[in-house]
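*Asks:* Before anything else, here's the structure in question.
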Amino acid sequence: MTSPSPRIQIISTDSAVASPQRIQIVTDQQTGQKIQIVTAVDASGSPKQQFILTSPDGAGTGKVILASPETSSAKQLIFTTSDNLVPGRIQIVTDSASVERLLGKTDVQRPQVVEYCVVCGDKASGRHYGAVSCEGCKGFFKRSVRKNLTYSCRSNQDCIINKHHRNRCQFCRLKKCLEMGMKMESVQSERKPFDVQREKPSNCAASTEKIYIRKDLRSPLIATPTFVADKDGARQTGLLDPGMLVNIQQPLIREDGTVLLATDSKAETSQGALGTLANVVTSLANLSESLNNGDTSEIQPEDQSASEITRAFDTLAKALNTTDSSSSPSLADGIDTSGGGSIHVISRDQSTPIIEVEGPLLSDTHVTFKLTMPSPMPEYLNVHYICESASRLLFLSMHWARSIPAFQALGQDCNTSLVRACWNELFTLGLAQCAQVMSLSTILAAIVNHLQNSIQEDKLSGDRIKQVMEHIWKLQEFCNSMAKLDIDGYEYAYLKAIVLFSPDHPGLTSTSQIEKFQEKAQMELQDYVQKTYSEDTYRLARILVRLPALRLMSSNITEELFFTGLIGNVSIDSIIPYILKMETAEYNGQITGASL
């Protein structure tokens with residue numbers, strides 16, 4: 001060992017001494033400091049002892065160490081007079097780390113404490129996304145979030161996740177990742193796009209503040225934000241950004257075991273169900289975009305377009321659950337309803353486009369409005385779950401309107417115009433009717449929380465947030481008022497019919513015919529309320545005065561809050577024609593055959 005010239009006289013002991021019996025006191029020749037040296041025999045049988053005097057740069061002057069040769073397997077005897085040990089005390093160590101510690105070699109590499117992955121128990125490589133985990137679970141979690149993957153469990157969602165079985169059930173593995181503290185938002189904020197054109201503009205106008213969320217439509221477990229430029233080149237930011245995933249991370253299962261988002265007890269877990277409507281919407285949107293751009297190179301005749309639509313709706317039909325649905329006959333046939341009446345749509349003559357409806361405008365089948373929530377239910381509320389639930393409600397509302405014979409009698413062009421004009425009102429009525437099933441209050445509270453954080457982070461302008469907050473307040477007020485009135489299924493059905501057959505929208509044809517249908521809906525609602533709630537004289541008036549509030553809600557904000565997570569910059573108006581072109585018999589037949 002190389003060291004400066006010692007300033008302390010070292011006296012070695014005779015190798016024949018069997019035990020540490022001698023204590024020598026030496027004096028520093030310069031300072032006069034007395035140091036006690038304890039000597040002992042090396043148990044390795046070495047003929048000569050090794051006395052090592054630490055350098056002044058060591059742990060401290062005056063430390064004397066007696067150590068066995070490095071090649072010896074015997075224990076090392078450390079003699080020291082430093083402050084951390086009693087002078088003259090013998091400390092027996094067998095590992096090099098302790099020797100290095102006593103020598104003051106703190107910079108020498110030493111064995112690290114082994115940590116284990118909290119998910120599978122394998123050797124951890126560090127803390128990733130908020131939890132100590134191995135490289136395998138780190139990569140699995142990152143892929144699941146970035147690619148928006150969703151999984152299903154073939155068992156009871158309680159599979160054992162360990163080093164050897166972690167790949168058997170991806171659903172339970174991802175679930176355990178979340179339970180052990182891995183954060184989805186950490187994955188999203190880890191990297192930023194390198195494309196400058198995708199960066200958020202600092203001076204974004206309030207009118208263009210929207211969010212478009214990148215989607216893996218095979219299985220959208222969670223939304224990943226991206227900014228999509230409009231046709232005019234304006235980049236947009238918006239309401240549901242990455243922070244939405246932070247502030248909306250509210251457990252869907254309370255501590256007492258009750259579920260916030262109610263689901264149908266008969267519904268079974270189905271793999272990929274969460275993204276089914278997203279696939280349909282995108283198929284229709286892409287087809288619409290191709291047709292609007294005049295790109296017919298890949299879409300030859302109308303037959304191919306029809307087949308694209310049919311395939312899309314086949315997928316849609318399998319996601320819906322209407323056990324009581326039946327194929328609707330054509331308008332020329334009579335329909336026997338459960339109430340015993342029949343509906344006949346009769347045209348007086350070709351020159352007079354007024355149609356008379358014999359029997360009730362709505363049958364008992366139109367009263368049933370059963371929304372099936374996406375399955376499997378995620379443990380934490382996320383943007384795609386909200387958008388998927390809203391999309392199912394929208395499609396269910398349009399299918400409900402499509403099944404009314406009087407509505408079909410108006411013709412395809414009139415149908416499209418009516419639904420485009422009132423889809424937001426129909427959707428809002430559906431929200432009020434299904435508020436408990438969707439846990440609407442939880443969804444709105446999460447959105448409000450996110451908007452409050454957006455104010456602090458200057459992600460949205462004050463005017464834009466004010467508009468959205470007013471819209472949410474109106475929506476919540478409307479739903480609360482409908483719940484307070486305790487509107488039943490018949491009343492909701494007739495209110496939707498009144499909204500659907502509104503003749504005052506601009507650009508409508510056959511306004512006289514539409515007005516007659518609306519009057520009939522109002523009369524039938526009045527008869528029902530008088531018979532069912534005869535003791536409540538003002539009930540009908542209190543119900544009808546709620547309808548004007550629907551016109552005060554912006555369809556653009558509704559679309560932005562509930563649908564951009566799935567369809568991006570594709571408008572609802574562009575999707576409506578394809579939904580209404582589906583043949584009712586084929587549509588209902590697919591639904592009946594695919595009931596969950």
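Using N, Cα and C of the backbone, Cβ positions are placed for all residues, glycine too.
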*Asks:* For the set Ser219, Ser375, say which residue Swiss-Prot annotates with phosphoserine.
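*Replies:* Per Swiss-Prot, phosphoserine applies to Ser219.
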*Asks:* Zinc finger per Swiss-Prot sits at which of 33-53, 117-137, 495-515?
*Replies:* 117-137
*Asks:* Of 78-102, 153-177, 228-252, 553-577, which range does Swiss-Prot call zinc finger?
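*Replies:* Result: 153-177 is the stretch Swiss-Prot calls zinc finger.
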*Asks:* Which sequence-distant residues neighbour the zinc finger (153-177)? Criterion: at least 6 residues beyond either end, Cβ under 8 Å.
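*Replies:* Contacts of the zinc finger (153-177) (Cβ under 8 Å, skipping residues fewer than 6 from its ends): 117, 119-122, 131, 133, 136-137, 140-141, 144, 221, 269, 376, 379.
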*Asks:* Going by DSSP assignments with H, G and I as helix and E and B as strand, what are the residue counts for the DNA-binding region (114-189)?
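*Replies:* DSSP classes over the DNA-binding region (114-189) add up to 27 helix, 8 strand, 41 coil.
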